[in-house]
Amino acid sequence: MSWQQIRDTKKKQLAEAIPADWRDPALKQKMLDAGYVNTREYLDTILPEAETQITRLGLAELARKIAAGELTAVGVATAFCHRAALAHQILNCCVEIFFDEALARARELDEFYASHGKTVGPLHGVPISLKDQVDLVGKDSSIGYCALFGKPAAKNAVLADLLLAKGAVFYVKTTVPIAMMCTETESNLMGYTYNGVNVNMSSGGSSGGEGALIGAGGAVLGFGTDIGGSIRIPSAAQGLYALKPSTGRISYMNVSNSYAWQELVPSAIGPMGTSLEDVNLMFRLIVEAELWNTDPKVLAIPYKPLDSFGDKPRFGFWTDDGVKTPQKAILRCLNAVEQKLQAATYETKTINFDLQPKLLDTIGKVFGADAYEEIATTLAQTGEPDLEQVRNLVVKEGIDKPLDVTQWWQVSREVYECKQEFYAAWKKWGVDVLICPIWWTAGCKPYTSSMPRYTAPFNITDCACVVVPVGRVDSARDGDADWNKMPVCVQIVARRSEEEKALYAAGIVDKLVNG
């Protein structure tokens, strides 16, 4: 098939996977005609009240109500499948839809509960969404390529098997850009994915489908991946909480990827959700499963309870890289966070992050090491066209052919030296965590993506990062009318493998700012 035929076949399959009485090709226009740009708000007005109430609950509360017999797994699955179906028709956020399987799984869980009087695990009946690349048996992991359509996975990701064992229900996989190498989400296979809280904006990338779906309330929690900002940017664009862990804290085994065996700056996988409590709960469940006994790349680091951090953390602030100065609303919110911390007697200081340009230059060499060969070769299999925003991120000036092994070793040295310089600087800063912007605008308009200047430095240094919403754009005082009401998020950055410290510090910020 041509890539156009593959695209059309995919669209048809997705449409047919949605129950007929949930289909409405005019839904997006109806939303706009009703005066809404926020899909979450609009869906609350058209869904049954009982379903709206279910999809407003957090993960922990859903699990508690199911365990108490107050909700059924089928009822919860139906509510989230319905909402996801509508969200997809507005935002184009799902690449795999399998509601029938989800409802069958939910019925099995309800039968188990009825027979045994208990749940199968702490996630019993909780719907979990997955970024496209998380392998599930019988489902494609096309990662934005037409060439990978119709090539289902033969085994589940180790993470997916763990979630199933804990009782989770899978129902969708979400969209990604070509090769997952873009800060927006578009592919020839699926088209463009829009923002769940403002349909005129980008959902971010590369976990943009995940961000859009959760932002619209079509999922309570899901998993994204991050090699340059791909969890943090979509989470910020939709006002979510999220964890970008260091590599090796959460299993990546049997998760499809571009540049799959590139290990200088590996991708990390982590949860995205609507509350910090849920993100921490999911991280704890995963780490306590000791997947280092299954996946040799997982670090054997036990979970450290957040209440074990006795001393007050010291907060460093990096607010402007001097090239892309953040919008007024972002700077205002960062300043408000610092003032609240100071009022609560936490130590804060401004950080001079003059190493950032070197980190960006070096990670660019890693991204561009094969001179775009893998992406170009895969695109050529079906003749699908290149996308400029992907090429702009991946192609590195000065690398016009794949690096040879000696050149790659030199890049390896540069990456290691960058890490040494960064952690030496951190020691001099004398802080426990950094608080920084994620992007220089509160989300971005479609087709305006560029190098993720505020997030990529923490990939090459393998830091642990937590996303926390801290405000919204108020055009009356901030200007930027097109961004009015868009969420403002920050990232709380800790050193490598200090996820619990980042979560602890994020909890302090979240309580001070959001109550």
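Any Cβ shown, glycine's included, is placed from N, Cα and C.
Annotated substrate-binding residues in TrEMBL are Ser206, Ile227, Gly228, Gly229, Ser230, and among Met180, Met190, Met253 the one listed with them is Met180.
Spacing of Ser230 (active site, acyl-ester intermediate) relative to Ser206 (active site, charge relay system) is 5 Å (Cα to Cα, whole number). Neighbour list (Met180 (substrate binding site), Cβ cut-off 8 Å, at least 6 residues apart, same chain): Gln133, Ile143, Gly144, Gly205, Ser206, Thr225, Ile227, Ser230, Asn257, Ser258. In the three-state DSSP scheme, Lys131 (active site, charge relay system) is classed as strand. Apart from the site residues Met180, Ser206, Ile227, Gly228, Gly229, Ser230, the chain places the Cβ of Met181, Cys182, Thr183, Gly205, Ser207, Thr225, Asp226, Ile231, Ile233, Ser267, Pro452 no farther than 8 Å from the centroid of the site's Cβ atoms, the recorded substrate location. Using a 10 Å Cβ-Cβ cutoff, Gly229 (substrate binding site) registers 29 neighbours.
In this structure the alpha carbons, written CA, of Gly228 (substrate binding site) and Lys131 (active site, charge relay system) are 16 Å apart.
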